[in-house]
Amino acid sequence: MANKGPAYGLSREVQSKIDKKYDPELEDRLVQWIIAQCGDSVGKPQPGKQGFQQWLKDGCVLCELINSLAKDSKPVKKIQSSSMAFKQMEQISQFLGAAERYGVTKTDMFQTVDLWEGKDLAAVQMTLLSLGSLAVTKDDGCYRGDPSWFHKKSQENKREFSDEQLKEGQSVIGLQMGTNKGASQAGMTGYGRPRQILNNQ
């Protein structure tokens, strides 16, 4: 895994497109939020994409983050700093599982290798952005930081209709279907009549 050579041709082109999606301004906002949420004990990364990846790579900071958003029981019970690759990847997986249970949708999730191998750090940013938006939306007192850093997610607006209202709605023709007022077939000729050919001689 670690001894991959440089990418050439199509794989290099694809990787450069992925790298362009990475947002340095979003990185600053996410770092500010994680430090505000978890406290100064998580440290601060070196500026730039590599620094951001190294900071999150072992999964400890991510697990601290998801634990800080929980009220009672911590989703990740054991957080250990380790230099072993499989331990680091296991902690990243624990974070992803806890984030999914918190409410982050599968489509917003990054894959473990996206972070650990640095393949797609833009996807990591999107997962953290989605997590922050959820935390602001839940408004359960666990979110720390500036609420304006994330947009609130839209929430369900359920409506209840009585049987009477539902029956009334069945007799109304929606405007997408046109209207039945003023239309008639008066003056229409029958379709399919043969064409009259007159021979004037």
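For all residues, glycine too, the Cβ spot is worked out from N, Cα and C.
TrEMBL entries are annotated by machine, without manual review.
So that you can see what the record holds, here are the features copied from TrEMBL:
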COMPBIAS  177-187  compositional bias 'Polar residues'
DOMAIN    24-135  domain 'Calponin-homology (CH)'
REGION    174-201  region 'Disordered'
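Note on the domain 'Calponin-homology (CH)' (24-135): mean pLDDT across this stretch is 86.
For the domain 'Calponin-homology (CH)' (24-135), the DSSP counts in helix, strand and coil order read 76 helix, 0 strand, 36 coil.
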